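Trainee: Right, I'll just put the structure down here and ask away after.
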Amino acid sequence: MDINGNAFVVGSGSGIGRACALGLAKGGAKGILIADINLEAANRVATECRGATKYMIEIFERIDYCINCAGIGVQLARNISEADFGEFSRFLQIHVEGTFLLVRSVSAAMQLQELRPIDPTNPGRGGARGSIVTLGSGNSFAAAPHLVQYTAAKHAVLGVTKNAALDNAAHGIRVNCVCPTWVETPMIQSARDGGVEIDSWVKGMVPLGRIATAEEVADTVIFFCSPRSSYATGCGFLLDGGTTLTCHV
């Protein structure tokens with residue numbers, strides 16, 4: 001998919017991040033830096049983001065694609081009347097603050113990079129300095145019962161993405177958000193362990209009748225990294241197996 005630059009993947013130890021790193025490698029990425037930043041260490045996140053970005057530039061000289069897959073899943077679903085404030089704050093810290101700090105750091109680095117033609121044979125496509133992809137969720141668009149911490153965090157991730165896309169557009173940097181619903185990852189298993197009845201919900205609500213694979217999400221992420229999506233920025237791309245095609249009453 002015309003992937004020949006350098007990729008910076010955060011949260012690639014397992015699940016979607018791992019699938020993205022492997023997909024980029026198979027797709028021909030010149031270099032890949034895998035980083036697992038500790039987003040729960042609030043006093044160190046900004047420093048770790050800057051340090052990882054600086055290291056990426058030192059090793060590969062530029063960042064062509066940045067993908068943030070770091071996140072946590074809900075382990076205890078609760079009604080809003082019983083929701084735990086500490087857990088709510090933790091979700092905002094990891095998903096929202098982590099996304100903001102990483103996107104801020106990478107945007108600053110990309111803005112200093114050389115503008116390269118997207119397609120030398122088609123000048124009308126213009127030039128690019130890089131592409132950033134964040135990971136939202138179906139909950140970036142809609143709420144789900146007893147998941148206020150996750151819904152709030154994923155709405156905010158999409159908001160950060162849209163504003164970053166707007167601020168970066170003049171610099172030739174695209175920023176998009178891939179928003180899957182249920183994906184077969186360790187995070188989903190963690191939600192199962194916490195009592196969320198994912199499998200029965202999927203059978204009744206998803207037209208395609210199954211949970212997505214991590215590789216299917218990675219394919220979408222890589223599309224938004226590639227020049228084939230050169231006119232797409234600020235998108236929240238819903239990858240839901242048709243879940244939102246109908247109204248479930």
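Heads up, the Cβ atoms here are built off N, Cα and C, so glycines get one too.
The feature NADP(+) binding site is assigned by Swiss-Prot to Ile16, Arg104, Tyr150, Lys154, Val183, Thr185, with similarity to another entry given as support. According to Swiss-Prot, the feature active site, proton donor maps to Tyr150. Here Swiss-Prot flags Lys154 as active site, lowers pKa of active site Tyr, drawing on similarity to another entry.
Could you tell me the structural context for the features on the list?
Mentor: Secondary structure from DSSP puts Thr185 (NADP(+) binding site) in coil.
For Tyr150 (NADP(+) binding site), other Cβ atoms within 10 Å of its Cβ number 24. Look at Tyr150 (NADP(+) binding site): DSSP puts it in a helix.
When other Cβ atoms within 10 Å of the Cβ of Lys154 (NADP(+) binding site) are tallied across all protein chains shown, the result is 26.
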Trainee: So the record assigns Ile16, Arg104, Tyr150, Lys154, Val183, Thr185 to NADP(+). If I measure every Cα pair among those residues, what is the longest distance in angstrom, as a whole number?
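Mentor: Value for the max Cα separation, rounded to a whole number: 27 Å.
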Trainee: Among Ile16, Val183, the binding-site residues in question, whose Cβ has the most other Cβ atoms within 10 Å in this structure?
Mentor: Ile16
Trainee: Quick one, of the binding-site residues Arg104, Thr185, which Cβ has the fewest other Cβ within 10 Å?
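Mentor: Candidates: the binding-site residues Arg104, Thr185. Fewest Cβ atoms within 10 Å: Arg104.
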